[in-house]
C-alpha cells in the first residue's frame, strides 16, 4: 500500500536545486543562470546539492509549470481514479481493481527509473496517481474488511503510521545516507513488485462477497483464512465472521447502485458531511506542509520534524478513535487544529519564534482529521457502497490537494484564516455523521 510513497514523498528532494559556485562576474547565481552558462559549477559539498532529477530531466532549463506538472499530474490521476477504480471495487470486488492497480503502479515505478524526458515523466505520474486510487484508497477499505471489527481501526492506523514514517525515512536517506536518488527508487520498485506478488494470494473480501449474496464464495474465503491462521487454534474465523455479520446486519444487494446510495437520506447526509471532512483535512494538511520551506533551518530537519509530528498524531488518534468513535475524535482533532491555526492568525510579531511550534501543532491536529477520514468509512457506509463513497470523497480531496500549494503561497494570515474557517465549518459538519445501522457501532454526542 505504501511503497509508492517513496517516490511521492521524495519529490521535494528529487526536484531540489543544488547550490552553485558562482563565477567572479556573477556573485549570485541560480539555476536559471546555469541554464545559459554551463561554466557555473555545482557545489557538491553542499547538503542541498543532490544527484537527482535536476540533472536527469534538465530541470534548470525547464519551465516551472512543467516541473509543477509532475506532482499535479499524480493528483489528477488520483482524482480520476477515485471516480473509476473505487466504483469498480463495489461492482466487481476489491481484489480485481486492487491487483490491477498494483500491476499498473509497479510498471510505472519501473518506467520512471529509465525516463529522461519530463513530458514522459508527467504522463507516468498521472498513471501512478490512478494506481494510487486502487493501491491506497480502495486498499484501505479492502484491508479493514479483512479484519475483525476489534482490529479494524488499528489496521488502518498502522498503515497511516507507516506512511508518515516514510516521510522521515526519505528525508534521512537524502540527508545522511547518499545524495544519489537511484538506490531508494530501485528499492521502491522492488518492494512494489514483491507486494504485487504477495497480493495474488490475498483472498477477496468475505464481507463484500456476503453483501453480494455470494455465500459459497464467502465460505471458501473464510476457510482459506482459517487454514492460513491454522497455527492459532483459539479463534474460529467462521464463528467471528458469523457473529459480526449478525451484529452488523450487512445489507445484501447484488447491484449496489449509486442511485440507491443517493436516495437514502442517511447515506447521502453522511456522504456530504464526509466529503467536507476530506476536503478540509487534506487541504489543511498540504497547505501547512508547504509552509515548511519557510521555517528556519534546512529542509531535511523540517520534514523530519513534520513527519515525526504526524507519526505521533496517527498513533495517539488511533487509540482515541477506538475509544471515542468517529464524531468525538473528529471534534477533538478539530479543536486542536483550529486552536493552533487561530493562534497563528493573532500571533504578535514579538512571539515570532513560536511560529514553527504553532504550525506543527496545527499540522498535528489536521493530520488527525486525515487519519479519521481513512479509518471511519466502514462505520458510515454499508460494504456495498463503502468503496464508491470513499472514492467520491477522494475526488474532492485530490482537487483540494492541487489547490493547496497555490493557497499556501498567498501572504499570511490569509491561508490560516481559510484553514480555520474551513475547520470550524467541518467541525459542525461532522455532527451530521451517523454510523449506519449495520456498522456495529453506537455513538451518542451531546452538543
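Glycine too: its Cβ is placed from the backbone N, Cα and C atoms.
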Residues flagged as transmembrane segment in TrEMBL, choosing from 234-252, 329-347: 329-347
Leading contact stretch, 65-84, 182-202, 267-287, 299-322, 353-376 vs the transmembrane segment (414-433) - CB distance under 8 Å: 267-287
Stretch among 65-84, 120-143, 155-176, 329-347, 353-376 sharing the most Cβ pairs under 8 Å with the transmembrane segment (383-408): 65-84
